[in-house]
Amino acid sequence: MTQPTVAWTRVSRPTSAAVLGAQSGPGQTAPMERPKDRPNRGRTRPAWLSRSVINVVLLIAVAYALLPQVWLVMASTKDLHDLFGTNGFAPGAGFNLDENLRYLFQAQDGIYLRWLGNTVLYAGGGALAASLLCVMAGYAFDKLEVPGREALFGLVLVGVMIPSTALALPTYLLASKVGLANTFLGVFIPGLVFPFGVYLARIFSAAYVPDAVIGASRVDGAGEMRTFWSVAFPMMRPGFVTILLFQFTAIWNSFFLPLIMLSDTRLYPVNLGLYVWNTTAMSQGRPEDYLLAITGSLVAIVPLILLFLTLQRFWRAGMTAGAID
Amino acid sequence: MNWRKGAAVAVAIGTAALLAACGTNNGGAGAAAQSSPQQASGEIVFWSFLKGSDAVAAAFEKTHPGIKVKFETQAGGPDYYTKLSNAVKSGAVPDVAVAEYTRLPEIVSLGGAQDLTPAAGALVEKTFPEPIRQLVTLGGKTWGVPRDAAPMLYYYRKDFFAAHGLTPATTWDEFRALAAKVVKADRKARAAAYLSGDANLLTDLSWQAGAHWFGTDGDAWTVNVDDAASKKVVNYWQGLAKDHLVGTFPTYADEFWQGVQSNKVVGYVCASWCAGGLQATVPGQTGKWAVAELPSWDGKPASAMWGGSSFIIPKGAKNAAAAQTFINWITTDPTGIAAWYGSGTSSMYPASPELLPVAKKSFNTKFFGGQDIFEVGTRSYTAVTGGWTWGPAMSVTDKALLDRIGKIQAGSLGDALAGVDAETTKALQSRGLNVRG
């Protein structure tokens, strides 16, 4: 991310006539390399856009994003007395993380691990299946001549516009009609529907899978399924991972649907479980549940961080690919 | 669709059985259901967010071998009621659900609860005093069986008060003076907390002051949120908060407890059940706290209730007979009530005065220096201002109040009550209820 920014500052700075005159050497060749469609060609960059100002703004944004995490780490290492007795961003008098973790994993017969497992199933399994469906659908929308294709795709786009929270209640009512309320499938199946993923997959298919290759594959005698699996799918793999990550975080963060769908504690995803602990700490005078909610939150973000670190390059590629189209 | 029909039949049979039990016992239906638990059997699903619910379910199973209780913990707060009403809509309901008095009329008016009059009406009539009965009775029918009452109390730091020669106030005028003295004695200390994120405090203090926000007039509801008593109360508290005589906190949660732990909160208004939370959260202050009755406006004892729970059978419950047996046991049976105190930390005040000894025996008052807090609770309970009814759209009323009480710096909260009144009235009308006055 940083490199393009630097290149851009080098390129655009000499565009002001004054700077252009003052500079010599390599700077002068820069304007020629500048893409023709730069919107701010020939315009002076205002002072408030200078690099140090931008850096300060970025630093503030980073601090803003990281402060809650710092608080979380600090709070997880405190006992109940320190939690209410010391500053949130300062360490407590004692180091209690190991104690808190032990308490977390033992509370209510170790239900926290089960919640984590549930979340992995809901988010991991759901995102895998959803991404596969998305890639297949996107590919079909892009490459196959299906009657009414654009109308159907329009319908998918309408789906993108509807927030999933708004659909939670109707989904629940439907699920209870077919007996899926308060079951694993009741939360799992809605996670398979991901219209934005279909939209992304179509773009990926158009960008990564040349029509000629598909044509060649057909000429060589491969059927539609074989063409998809052996030729198109490997080419779309970065797109697949991007969609997977998007949907994984969406399900991981999904709250309202599990809240109304599930009443059996053993089926809860981890965020719902943490929410229950947090409300009981607050409204029931069970302050020890604060520690559960806090330590549980810390543990719950670890898998997400790992996932992002390991799949980072796909993630980044996916983000920028979206920007090109 | 077959199972749906089956369920409907089961409910019909269950109801018929209850009605039959009622018929043969001539008025003593509730007592009959309570004393002959072998009549009901099967599995019931039990929703609750109350502390000790799991222990109560387990204790019930031990004494009632024919009935299996499947307990499902719920998150408390407004989300719970949303979930419950959705469950009723979908038909996937629990057999027993907790319902705070505050929200009971709303559940009933949305058609979410079964009429318990035939099975438990006599029991409720016999067991509970009038102010509590009133909270579970609507249109002459009994919709829930009360568990606990929640008389309001004033919690204060005995050591701080003694060190500075202070005593709890008996009138709200005195309380303002007391609050000023506390600030004078210790610049950081406050004698009470104003909650900007919890509507209960102001609502209940309005109740104490004699307000009647809701009532019924024939077949219509009356709404009167912005009456003189309520205006007086909210303006008084806004004044205290503005003059920094009381601390301001969103709720009685982390930030508040930090204040308690660092000796900045030396007094606060809460209900009987808060005692358990207090001693669990700041065990380091054992022996330093005491409770007193609330100050009143005219010096005569007056109180109100903050919270308090009852149990209902949601509409569509599949095993209503067993559910009724369960509800009666956990609310009126001494063994059942004792189970709530199992963990030794609950300080709830039982709604049935006969069960008070059970509560006293179970709660260790060491934290309060051995003070008989239930005795103070009883004085507060008997002083609860009568005639209070919760509205049939408290979710809206609560939200409307919450939207306004945070803005203590701008304008008069007393005037803001008119807005709460209007929003509530509109909500009632849009739900097809008649509103008069």
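Residue numbering: from 1, along the chain as shown.
A Cβ is built for glycine as well, from the same backbone N, Cα and C atoms used for every other residue.
Note that this is a predicted model, so its numbers are computed, not measured.
The annotation region 'Disordered' is assigned in TrEMBL to A:19-44.
TrEMBL lists A:48-67 (among others) with the feature transmembrane segment.
Taken from TrEMBL, the feature domain 'ABC transmembrane type-1' covers A:116-311.
As annotated by TrEMBL, transmembrane segment applies to A:120-140 (among others).
Residues annotated as transmembrane segment in TrEMBL: A:152-174 (among others).
Taking Cβ pairs closer than 8 Å, the transmembrane segment (A:180-201) reaches residues 118, 121-123, 125-127, 129-131, 133-139, 141, 156-160, 164, 167, 171-172, 236, 239-240, 242-243, 246-247, 250-251, 254, 257-258, 261-264, 267, 269, 318, 322 in its own chain, all 6 or more past its ends. For A:180-201 (among others), the entry in TrEMBL reads transmembrane segment.
The transmembrane segment feature in TrEMBL is assigned to A:240-262 (among others).
The transmembrane segment annotation in TrEMBL covers A:290-311 (among others). Within its own chain, the transmembrane segment (A:290-311) is flanked in space by residues 69, 72-73, 75-76, 79-80, 83, 97, 100-101, 103-104, 107, 112, 116, 119-120, 241, 245, 248-249, 252, 270-271, 273-274, 277-278, 281, which lie at least six positions past its ends and keep a Cβ under 8 Å from the stretch.
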Practice item. Sort out for me which stretch, of A:48-67, A:152-174, A:240-262, has the most Cβ pairs below 8 angstroms to the transmembrane segment (A:120-140). Key: A:240-262
